[in-house]
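Asker: Annotation source TrEMBL lists [4Fe-4S] cluster binding site at Cys44, Cys183, Cys196, Cys200.
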Amino acid sequence: MTPIPLKLSLGPVLFFWSRDDILRFYAEAAEWPLDTLYLGEVVCGRRQQLRGQDWIALAADLAATGREVVLSCQALIESESDLKRLRKMVDNGQLAIEANDLGAVRLASEKKLPFVAGAHLNVYNADTLALMRRLGAYRWLPPVEMGRGTLAALLAEAGRQQLEIDTEVFAWGRLPLALSSRCFTARHYNLNKDDCQFRCLEHPDGLRLDTREGQHFLAINGIQTMSDGCHALLPHLAELREAGAGRVRISPQAHGTAAVVRAFRQQLDGQGDAGAQLAELRPHAPGELVDGYWRGQAGIQALETRHAHS
């Protein structure tokens, strides 16, 4: 097999884990074959097992290993305390941020701080991408529902505009679909959002939501709605490169993230069979493996059989 010239990133932990679990996870991740690590609280300002300064200190320690480290910022700013944490991230003085909110884009731009334009910014065309580039973005993530054809066309137009910006695609994990001011997990337990008792800690990969017919459909993660299925682009890495992507992102999960990283690294290095690797990863996945969005179909569509058994 021919190596695929894509870099490999580990996205921020989207779920609510204990402080000990977070620190243990990143101690292990420091040894994995990754090019970039993202870390920080993206979903909920009430998740304070690690505070802003803790994330910054942890990021500095990881940066000492020689990898690129990026601080991921909260995607839905709801209070003055959220805004203070955002400002602290932007003012860290060392590391780039991943901006998941236009307020973060503005603060980073004012500080002349390079940033990654996160998928929550919903960049759907080359003109918006050009705006992000002018404001200081050096990398961007397409919305998770963007398929191969749309991405290739957007990047072709970006090339005609001579935009020099790295493209990173969400390639493994439950898809972060939407955010709301309502906390769905608290509502599930008949609790008020401000007295949620931190029940998200009981669901380290999110809380599965089925349809009335019993079909696994979504996962709820506090104020975030996610796919139940595990988006799996491991068999599509060559297509990602052909479309113009420069790196792929693995989203952390409670168990088996190391195995996912190894499988992606092997594929990028031109080693191993994608079908066999997917079979090994299935027991670790939080839901059924899906790739519908990438193929321009419904995101819930299962990974194509030809990939699963190739």
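In case you wondered, yes, glycine gets a Cβ from its N, Cα and C as well.
Note that TrEMBL annotation is computational and uncurated.
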Asker: Under DSSP, is Cys200 ([4Fe-4S] cluster binding site) helix, strand or coil?
Answerer: helix
Asker: Tell me, if you would, which residue among Cys44, Cys183, Cys196, Cys200 (binding-site residues) has the fewest other CB atoms within 10 Å in the structure shown?
Answerer: Cys196
Asker: Which residues, in sequence order, are found in the same chain with Cβ within 8 Å of the centroid defined by the Cβ atoms of Cys44, Cys183, Cys196, Cys200 at the [4Fe-4S] cluster site, excluding those residues themselves?
Answerer: Phe16, Arg46, Arg47, Thr185, Ala186, Lys193, Phe198, Arg199, Gly222, Ile223
